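A.B. asks: Structure provided below as structure tokens; questions to follow.
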């Protein structure tokens, strides 16, 4: 009986989430993503387009889309919103640009 419950928990206990990180350029979106992924500070270059990574915390899987923040890319942000949990990282010095 215990093995059956453990097996069911393995099947149904997993959670998956889609997350997008959008914000202005140079706000730290990619740094946050890779710090979660590697548990260390990573030096990054500006994102052209997007980065997609799977981050696993315990049994919870996060498919994380890090979308570039350059002005030319902002009009594409809405195409990523479907079925996601949205997080936004504004640059504190750039609040007037939001």
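Positions of Cβ are set from backbone N, Cα and C atoms, glycine also.
Quick paste from TrEMBL:
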BINDING   23, 24, 25, 26, 27, 28, 29, 30, 69  GTP binding site
BINDING   30, 47  Mg(2+) binding site
A.B. asks: For the GTP binding residues given in the record (23, 24, 25, 26, 27, 28, 29, 30, 69), what is the largest pairwise C-alpha separation in angstrom?
C.D. replies: 11
A.B. asks: Where does residue 47 (Mg(2+) binding site) sit in DSSP terms: helix, strand, or coil?
C.D. replies: coil
A.B. asks: How far is it from residue 69 (GTP binding site) to residue 30 (Mg(2+) binding site), counting Cα to Cα, in Å?
C.D. replies: 10
A.B. asks: Among 23, 69, all listed as binding-site residues, which has the most CB atoms within 10 Å of its CB?
C.D. replies: 69
